[in-house]
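Structure, as structure tokens:
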């Protein structure tokens, strides 16, 4: 019987009984946790099939993109032209400044494939031309800044004009090779590499001109112009004239004379462009 003077019922015993009933039979007194939605999803065989199908689609898409990229941009060939190391860069720069001391200009082959540039100093590369072009633009900005003529528009004009001249050179040489009907293994990337080596001499001339004046600029640039002329003659004649000799064309034949004139014209254009792109940077 409840006490008539008690205002509230005593429910402590019922709560204790309920609390005890909610305990897990073998745990620490906490209710067992249900399985997470992630584990339930991964355990579903349908979801596993969907994930496998999605992975296969992603792999097929990546393969398709790689094929299309390699069709328009020869990534595999570009890797060959950037396969250089520090020793190769040093030897190549020495060859560009002092080509008179070099004797063997033949490109080495291994199983009808030219070896990587880091193993052959005569092989063309794109690392030195690319770095030289960027450095030339920076040096041009430095020269314009020392003369209080620097502006982003003028620097962009300097870079775009140098790139435009390079493009015109490549197109003119390709057209000339087609008109002269030269069968050569000289590719467009090879032409970009050989024509891009002139930026090395341009950098040297502008830097010496900024440090020691315009007289030193003319002396250094003149040396670099003669060096690049000799370098281009000895390099391109193996690519253009050697094919003529392999075809059995006489040395004094008309077609062979055209090939020789084309080689001389390409080599002679390099000093002219070197002066044209740098003379206004040194005052």
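Positions of Cβ are set from backbone N, Cα and C atoms, glycine also.
As recorded in TrEMBL:
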| type | residues | note |
| --- | --- | --- |
| REGION | 1-23 | region 'Disordered' |
| TRANSMEM | 126-145 | transmembrane segment |
| TRANSMEM | 157-179 | transmembrane segment |
| TRANSMEM | 191-211 | transmembrane segment |
| TRANSMEM | 217-237 | transmembrane segment |
| TRANSMEM | 258-277 | transmembrane segment |
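With a cut-off of 8 Å between Cβ atoms, the residues of this chain six or more beyond the transmembrane segment (191-211) that come close are 81, 93, 96-97, 124-126, 128-130, 132-133, 135-136, 139-140, 142-143, 146, 162, 166, 169-170, 173-174, 217, 219-221, 224-225, 227-228, 231-232, 235-236, 270, 273-274, 277-278, 281-282. Long-range Cβ contacts of the transmembrane segment (217-237) within its own chain (Cβ-Cβ under 8 Å, at least 6 residues beyond either end) map to 95-100, 102, 105, 122, 186, 194, 197-198, 200-202, 204-206, 208-209, 260, 263-264, 266-268, 270-271, 274-275, 278, 282.
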